[in-house]
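From Swiss-Prot, for reference:
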SIGNAL    1-35  signal peptide
TOPO_DOM  36-259  topological domain 'Extracellular'
CARBOHYD  N47  N-linked glycosylation site
CARBOHYD  N144  N-linked glycosylation site
CARBOHYD  N157  N-linked glycosylation site
DISULFID  C172-C186  disulfide bond
TOPO_DOM  281-284  topological domain 'Cytoplasmic'
TOPO_DOM  306-318  topological domain 'Extracellular'
TOPO_DOM  342-515  topological domain 'Cytoplasmic'
TOPO_DOM  539-552  topological domain 'Extracellular'
Amino acid sequence: MVSVQKVPAIVLCSGVSLALLHVLCLATCLNESPGQNSKDEKLCPENFTRILDSLLDGYDNRLRPGFGGPVTEVKTDIYVTSFGPVSDVEMEYTMDVFFRQTWIDKRLKYDGPIEILRLNNMMVTKVWTPDTFFRNGKKSVSHNMTAPNKLFRIMRNGTILYTMRLTISAECPMRLVDFPMDGHACPLKFGSYAYPKSEMIYTWTKGPEKSVEVPKESSSLVQYDLIGQTVSSETIKSITGEYIVMTVYFHLRRKMGYFMIQTYIPCIMTVILSQVSFWINKESVPARTVFGITTVLTMTTLSISARHSLPKVSYATAMDWFIAVCFAFVFSALIEFAAVNYFTNIQMQKAKKKISKPPPEVPAAPVLKEKHTETSLQNTHANLNMRKRTNALVHSESDVNSRTEVGNHSSKTTAAQESSETTPKAHLASSPNPFSRANAAETISAAARGLSSAASPSPHGTLQPAPLRSASARPAFGARLGRIKTTVNTTGVPGNVSATPPPSAPPPSGSGTSKIDKYARILFPVTFGAFNMVYWVVYLSKDTMEKSESLM
């Protein structure tokens with residue numbers, strides 16, 4: 001009985017053990033099957049091929065996702081790898097970006113062990129992609145070196161990520177009224193070319209604030225500072241419908257260093273140089289003329305060169321106003337010198353006329369006639385006296401002179417003439433009449449004629465001149481006669497008052513400082529300094545940043 005009862009117990013224990021072993025084996029198999037399947041799939045790319053083939057089987061890339069149904073939403077974001085350059089002349093800017101688009105296409109859902117299918121650009125042409133274009137783009141280039149720079153990924157739930165590397169040249173409208181203290185908001189506008197908002201819309205992937213990324217190292221510009229960016233969206237109406245347009249505004253502020261060195265400082269120095277001429281003597285006409293003309297030409301050159309870096313706008317910029325005012329100061333300095341020179345010449349001419357103006361004139365002809373008559377009467381009395389004295393001398397010394405040869409007639413006659421000049425000479429010296437000296441020649445001639453008549457021929461037919469009383473008186477009388485002749489010869493034409501004109505007054509001198517120069521030395525610098533103060537305070541304190549449409 002004992003042996004019969006033990007056999008069923010052993011059989012029961014062995015059955016339980018087998019059941020436990022079977023459960024453990026099953027659990028082990030279940031735990032190892034996912035790993036084995038994934039390992040098999042990694043080792044077998046044919047599985048991916050089957051997945052892709054199944055996705056594209058019956059897929060029509062001509063139809064948008066949800067065609068005839070809900071609106072397709074395309075989420076976008078931009079990563080800027082390089083910003084610039086910015087051209088003021090062409091009013092455009094260039095940047096290099098990664099442009100990302102994300103949408104959901106339920107036709108591309110799949111079931112598989114991999115969450116994301118990372119594919120190359122070959123898959124892009126086989127599926128539907130948004131027809132995004134840049135509305136204000138002048139030129140957009142997709143990079144293809146060394147292969148097309150495109151990224152395409154399909155997620156298990158049918159979400160598509162499509163990324164391209166683009167270089168975009170976009171238009172940037174600029175209003176240069178405040179140039180070069182200006183700021184601009186350069187837009188980048190993109191949207192669908194064919195699908196209106198009833199079929200496709202655009203949104204920002206990470207929200208308006210973080211969907212556009214511009215690293216600091218990517219925004220280093222020469223003439224501008226990129227101070228930020230803002231985003232917005234708008235709806236544009238056309239004859240084909242309403243379209244959603246996404247816009248990114250890149251806010252740029254111009255750097256002034258280049259323009260200060262190239263334009264502002266040279267203009268200020270040129271104006272100061274033109275005002276140096278106020279301190280130069282007004283008689284230095286060449287020096288002041290060179291100052292004026294040189295500074296005017298310099299300002300002309302600066303104004304032309306300043307416009308080379310700007311488009312040909314029809315309005316005046318802030319720099320144009322500054323250059324125009326500087327040019328006005330320089331030109332006014334030249335006009336100021338012209339005024340100084342003009343008024344100085346007028347003053348000198350007035351002074352010369354005042355000095356050279358003769359005293360009030362009296363009738364000259366009667367006076368001269370009266371003086372001439374007086375002189376003739378004096379000469380007549382002198383001739384009579386001379387004749388009387390000559391006759392006395394002839395009678396008193398006839399015996400002595402009878403032995404004198406006729407050959408000495410000329411010398412004795414000359415001596416007699418010299419003696420006859422004593423009375424006229426004394427009369428000329430004592431006479432206050434200035435015309436008596438001028439008529440000395442006539443007096444001498446009359447005396448000579450008297451001597452000739454006194455020396456009449458003798459009864460014997462010989463010429464008997466009237467000699468002087470003594471021979472010692474002849475030299476002195478001859479010397480006096482020579483002085484009288486010299487006086488007559490130096491007087492020139494008879495009737496002249498004097499051979500040497502009276503000393504005239506010196507011409508008026510134009511030396512000294514003009515009142516206009518004195519006023520200009522103060523007025524010009526003060527006015528120019530006040531202009532600079534107002535100019536820089538207004539423009540530096542003014543908000544010259546152009547407002548974007550999203551902030552208006």
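Yeah, the Cβs are placed from backbone N, Cα and C, and that goes for glycine too.
Could you give the neighbours, burial and distances for every feature on this list?
Summarised as a single figure, the pLDDT of the topological domain 'Extracellular' (36-259) averages 90.
A helical conformation is recorded for N47 (N-linked glycosylation site) in the three-state DSSP classification. Of all Cβ atoms in the protein chains displayed, 16 besides its own lie within 10 Å of the Cβ of N47 (N-linked glycosylation site).
According to its DSSP assignment, N144 (N-linked glycosylation site) is coil. For N144 (N-linked glycosylation site), no same-chain residue that is 6 or more apart in sequence has a Cβ closer than 8 Å to its Cβ.
DSSP assigns N157 (N-linked glycosylation site) to coil, not to a helix or a strand. Contacts of N157 (N-linked glycosylation site) defined by a Cβ separation under 8 A and a same-chain sequence distance of 6+ are given as I104, K109, in order along the sequence.
The Cβ of C186 (disulfide bond) lies under 8 Å from the Cβ of V86, Y93, A170, C172, Y249, F250, L252, each of which sits 6+ residues away along the same chain.
As a summary of secondary structure, the topological domain 'Extracellular' (306-318) carries 2 helix, 0 strand, 11 coil according to DSSP.
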Report the DSSP secondary-structure composition of the topological domain 'Cytoplasmic' (281-284) as helix, strand and coil residue counts.
0 helix, 0 strand, 4 coil
Provide the number of Cβ atoms within 10 Å of the Cβ of C172 (disulfide bond), excluding the reference atom itself.
21
